[in-house]
There are 2 protein chains.
Amino acid sequence: MKTAKISIVGFGSIGAGLATEIAKKKDFLKIKGYDLKVVTIVDADGAEIDEDGLNIKSIIEKRERGEDFSYAKGALDLIGEIDQDILVECTPSNIRNGNPGLNHILTALKNGVNVVTSNKGPLVVAYKRIMETAKKNNVSIGYEATVGGAIPLINLVKGNLRADDIVAIKGILNGTSNYILTKMHAEKRDYEEILLEAKELGIAETDASYDVEGIDTASKLVILANSLMGMDVKYEDVEVEGITRITPESLDLADELGCTIKLIGEVEREGKRLKVSPKLVPYDRPLSVGGTLNIVLIKTDVAGEVTISGKGAGPKETSSALLSDILNIVDERC
Amino acid sequence: MKTAKISIVGFGSIGAGLATEIAKKKDFLKIKGYDLKVVTIVDADGAEIDEDGLNIKSIIEKRERGEDFSYAKGALDLIGEIDQDILVECTPSNIRNGNPGLNHILTALKNGVNVVTSNKGPLVVAYKRIMETAKKNNVSIGYEATVGGAIPLINLVKGNLRADDIVAIKGILNGTSNYILTKMHAEKRDYEEILLEAKELGIAETDASYDVEGIDTASKLVILANSLMGMDVKYEDVEVEGITRITPESLDLADELGCTIKLIGEVEREGKRLKVSPKLVPYDRPLSVGGTLNIVLIKTDVAGEVTISGKGAGPKETSSALLSDILNIVDERC
């Protein structure tokens, strides 16, 4: 049995979702030879700590009752203090300076703690620095959950397609904007109206500007270009246009051509081209997937075009990606 | 630099395609830290041997000139004789008794040689025996290339989705029958006519019965069920119906319902249900992909539905899968 002590930093929907799945899959994981113990849970307002493994269910119930955490400690205090194998960073993404996530990640790596993260910000602003810090301290970092939710895209390319040279990647990388476009098209209703509804349903966040202005998609492109295509690009290298100017009329015009409109992110290594923009997509093409689905088309020298799609967001789906990274690190390091 | 000595058994389009890609990607693979040497190439009529690495280009040219191999030796003679790390088995598939592939694979494993194969037959008739033999002799077997051509399906599920429990798999697993149905639909022409044309184009083999009668799809389902879903099933457990009775008229009727007809393979663990049959698929569903494409929908407990598609056949595309298995084994064993 391989055991690993895990700290979860950030206990919003993603962090709590992961903790729940680890508790729920305890027996399944034991059959596969893994014993995962969550030893700390930290959020902005405090921490829970138990080196023998926390009782996840009672902590989630406690949070639902609105009670405070037991310890007034922050993530940075606990990194040097607690014995842990993997720190899972899932605080909210900040693509301006990457913090607080970047700080958490670099401090963990420097302390010899492996990191798994769902947080795009740190990877967008400091991909190279993070990778170099991990290498120098002989620890690993997994970031499958930063792009494409449940789609095992990054590990797929790094692992199973590593004999291939990736020449281009394009796809739908933001579930919220895909949901809005799909609804606008199907119900012939205005952008503003659908956005409001998506917010009420919890599909869009209160501030949905990252999603609808293409910022989220552009951030993901930067991560994909740097990590899978051997490029060295920054957010500023991406040409970005969102979906805020799409009207039901433009969708009708697209329909007459047998097409719909999708927010497409594209990276081509040749010419260092990175672009996010609404594009006409014929109905019979894979990229016409609807709802909150994400889809990615990978173009390689040997395999040709491989397309993969799945749920792009959601705490449960993101847990699949986080868990996959966690088990990779346990196999490699623990 | 990790080096590996490779033998290729079966020098038809797949074997020759792999040898060509290994030669072509020599520098790319060296940058990634791999030095792959093809030390033997064996076909039914003889072998080429060079423990320092064969010159692939000159062997392919020699074959094109219709010249014989240099040595009158068979695969089984060479397994004990030649120093090799990985035997790549790509002789034609035989799902009745698995031979000659099964014999090659078991002999290699018993001699402590790792195996990579594109040959479905041995896996369909003796999955358990092959896995037990590999384990007992402390060697590995990779069989990504047996299902889905360039789609890295098996390693995706075994690796990146291994925290997930796979409850069902369904998809289009045969490119030839998909090509025929797509053409029949688009051109409103008869099955027999399109089949003949596919044979002329090299998309269908002279004896296409495995493809059009659903036997190839059923074989792949058996491999997926046993290897990814923890089942223990045989070919006889699959209910099989092919596409030979589909008429242009039935495709027209489907069209009126906004659907097309696809040859779908399905496995559900609950109830041990394995089935291959032509099904109505709405145009806007991922499974409606056309041409020779393959597509697989994987249903899991945590990630939800993940869909992956790509080229299902072709020597170059199959090389991507074989190479991925080869590099996995080199990392693990060499």
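Placed from the backbone N, Cα and C atoms, the Cβ positions cover glycine too.
Listed in TrEMBL for this protein:
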- B:K220: active site, proton donor (ACT_SITE)
- B:K120: NADPH binding site (BINDING)
- B:10-144: domain 'Aspartate/homoserine dehydrogenase NAD-binding' (DOMAIN)
- B:152-327: domain 'Homoserine dehydrogenase catalytic' (DOMAIN)
Would you mind splitting the domain 'Aspartate/homoserine dehydrogenase NAD-binding' (B:10-144) into helix, strand and coil residue counts from DSSP? 62 helix, 25 strand, 48 coil
Rounded to the nearest Å, what's the C-alpha distance separating the residue listed as 'active site, proton donor' and the residue listed as 'NADPH binding site'? Just drop the number here, would you? 7
Just to confirm my parser: what is the rounded mean pLDDT across the domain 'Homoserine dehydrogenase catalytic' (B:152-327)? 93
